[in-house]
Amino acid sequence: MARRSQGTKLHLAVLCLVVSCHAIGLSDLMERASQRSDKLHSLSTSLNKDLDSHFPPMGRVMMPRPSMCHTSSLQIPKDKEQALRVSENELISLARSLLLAWNDPLLLLSSEAPTLPHPSNGDISSKIRELQDYSKSLGDGLDILVNKMGPSSQYISLIPFKGGDLGNDKTSRLINFHFLMSCFRRDSHKIDSFLKVLRCRATKMRPETC
């Protein structure tokens, strides 16, 4: 019931945003998107801490490198200094491309979480579903933003996800689950950073304060 209530609140928030989008200024829309991306990153950080609490001793050694994340092929700014030099249209495109690239991986994580060999798999499963809700909410909000910004901001890079299996043994499942979550945490941080830069520009804040 709590899960349904949370999802309903999020979707109602999106509906309200859709209905009133034409009356809301760009800076307010950016602020709302930034709040959602902040929550998304906060949840992913919490999930990584949960997974760290019960991780195989050799997990860090065996876990794939960050360069193996399926979104690593996307050319993005490496830090805030670079992001501040990127246009608004490109930043919103990058944020949407990264978010879209996680639809299938989040489905996989959601299906695997309930039987994950981890003592907190119930909490992990619940948080994964929250991630899906916030991801959809943020995606809907960004769709509204690009419609307000114009056609030049609507380009999306499609990033394929080929990993449909976490493995058969307990160690492989934990490591691959943790790896995917670490990739998501990294990308959620990028999405949040890009949207905060856009919010700063929309509110005409000084770039160095973004």
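Backbone N, Cα and C atoms are what each Cβ position is placed from, and that goes for glycine too.
Noted in Swiss-Prot for the protein shown:
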SIGNAL    1-23  signal peptide
DISULFID  Cys69-Cys183  disulfide bond
DISULFID  Cys200-Cys210  disulfide bond
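Features per Swiss-Prot, on structure.
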residue: Cys69; record: disulfide bond; DSSP class: coil
residue: Cys183; record: disulfide bond; DSSP class: helix
residue: Cys200; record: disulfide bond; DSSP class: helix
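A gap of 29 Å separates the Cα atoms of Cys69 (disulfide bond) and Cys200 (disulfide bond).
Taking Cβ-Cβ distances under 8 Å and a sequence gap of 6 or more within the same chain, the neighbours of Cys183 (disulfide bond) are Pro66, Cys69, His70, Thr71, Pro105.
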